[in-house]
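Report on the following structure.
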Amino acid sequence: MVNAMVERATSEMLIGPDWAMNLEICDMLNSDPAQAKDVVKGIKKRIGSRNPKAQLLALTLLETIVKNCGDMVHMHVAEKGVIHEMVRIVKKKPDFHVKEKILVLIDTWQEAFGGPRARYPQYYAGYQELLRAGAVFPQRSERSAPVFTPPQTQPLTSYPPNLRNAGPGNDVPEPSAEPEFPTLSLSEIQNAKGIMDVLAEMLSALEPGNKEDLKQEVMVDLVEQCRTYKQRVVHLVNSTSDESLLCQGLALNDDLQRVLTNYEAIASGLPGTSSQIEKPKSETGKSLVDVDGPLIDTGDSSNQANGATSSSGNGVLNQLALPAPPVTNGSANSKIDLLSGDDLALVPVGPPQPASPVASDQNALALIDMFSDNTNNPSPATAPSGNPAQNIPLNPQGHQQPNSQAGEAGLQQSNGFAPQVGYSQFEQPSYGQGVSSPWSSQPAQQPVQPSYGAQDSTAFPPPPWEAQLQDYSPSAESGSPFSPGMHPTQTAFTHAQPVNNNNPYPQIPQTGPPVNNNSPYAQMPQTGQAVANISPYPQIPQNGVYMPNQPNQALGSGYQPQQQQQQQMMMAQYYAQQQQLQQQQQQQAYGNQMGGYGYGYNQQQQGSSPYLDQQMYGLSMRDQTSHQVASSSSTTSYLPPMKPKNKPEDKLFGDLVDISKFKPTKPTSGRAGTM
């Protein structure tokens, strides 16, 4: 039976030690020590097995019975040759785990059983034999169980206690342990904080060197309560699993430790401790925010320079306050300010001009709808009427050479190109010969003497809208992405006629001839009369001036001859509408009747350079299909007109150039695709 139990405890089928069977064997040996001989004999047999697992399980069982059983087992282990068998196995170089287990057991036993003069010297003899064989004993763990089990002081729990021996005199004294404290609750933590604050206030009010006040009953009681709470907090930290309660307990423990340390320092007579009691808490808050300067820029330079000298009451709040909203300065050097109500400025397209203001009370612009789909915007924003100057300088060339380019202000509409209906302000191509300015809603009131094209004595004073835009021409902006730069020697001719405004909406003054908004299409500048918006049809000659209207599509493709008859009929209606206005404004025309055409006929009469070389510089091209502005020509060049196919009217182009051959009374159908 005993051998069967040992066989089951050391079976090779086990994954690990069968502790239930091992303890059962120990109980059997403790109850019947006579069974120890058979058990030790069976274990010795299993130790000599060739299976390393069986050897390890047998060694584990041997260790268990040596530690848990009495002197009878120790004697049989020493006398039955178990130690000698273990030394022999080590010398045979067995499995590593088996060898290490044997070395640990022999080293432990030789120390426990007392050396060569002990009761059982076999343990020490086996240890010395292994040392002579060169075995290296591993270091023992200090947490290993002792070889001898301490004597039993209480009856086993598995057996019922002896009720007859029960009495007050037979009670076994319990070992002294740490006193149990009830777990701290949130309310008790708050109470402890209040007691700690009262003690801290009393300590801070003490005079330096006065130890008599420390003996007051109230202070002694507070110190005692703080020490008790500190012990309870330590117990709470070691036992609780609530994270929030643990966090508050740790914070309370730090505060209690600080206050008790200050109390002990005052009691020991250390100088300068009573005045430093409340400082650590406030300095801790400051150090988290302000080390060398404020972590958050509040916009106050004094706080940044002297961040450490701020008041203790508002120091932390000032550091944690959100920064004030930045103050926008529209007149500094901002490129665009479309949202502020005080400074309404448009983006200067060219390079920055330090000498010219961008946005001020005298230089305010009205915001217009930059993305309107129709040029005849029913409700454009207008500038205040009381402001005399309403244009910003957008032309660096005109600003740098105001005398030589006085005629540049009239370049709008001078070559017969105007914004196409249906495109926004940014999509409308601004050709090099001029486009009506969309940025001014009222004519300016500052007359300047410009140099007109003919420079004859019959020239009238400049119109008010040209006087303001003389030096600043948006269409001649060299850096504009929408219009190429203009040649410095260009001149154009303007008309000093008022705008014929028949619709209820305010008109946009143009640097060229005024605009008549009777039709949705713009007409070319005509001698002595206002100009309507674009019309994609050619104009009827009036007063000897041939005014061809050139739409955007004429630049990219030839005009269709089959539509000329219908267009001439429509132009006849326009001619009748303009006849009245022509008679009223006939006396205001310039000396040269061809000045409004914009091709430089007046310069040709003056003997100047060829008009094409001067007027075609920087002329940009726009294709109706792609809606993209072509790159400007960098040098003065002659751009030949795009000739439509199969047009018999090409022979009339000589009449346009030669003024002497021009017949004002006979209408001629001009080219629609000329530049």
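Note: Cβ is positioned from N, Cα and C throughout, glycine not excepted.
These come from Swiss-Prot:
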type	residues	note
COMPBIAS	299-317	compositional bias 'Polar residues'
COMPBIAS	372-435	compositional bias 'Polar residues'
COMPBIAS	436-451	compositional bias 'Low complexity'
COMPBIAS	470-481	compositional bias 'Polar residues'
COMPBIAS	488-524	compositional bias 'Polar residues'
COMPBIAS	646-661	compositional bias 'Basic and acidic residues'
DOMAIN	9-138	domain 'VHS'
DOMAIN	180-268	domain 'GAT'
REGION	144-181	region 'Disordered'
REGION	270-322	region 'Disordered'
REGION	371-524	region 'Disordered'
REGION	542-561	region 'Disordered'
REGION	622-675	region 'Disordered'
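Residue counts of the domain 'GAT' (180-268) by helix, strand and coil are 71 helix, 0 strand, 18 coil (DSSP-based). Confidence annotation: the domain 'GAT' (180-268) carries a mean pLDDT of 85 in the model. Taken through DSSP, the domain 'VHS' (9-138) splits into 93 helix, 0 strand, 37 coil.
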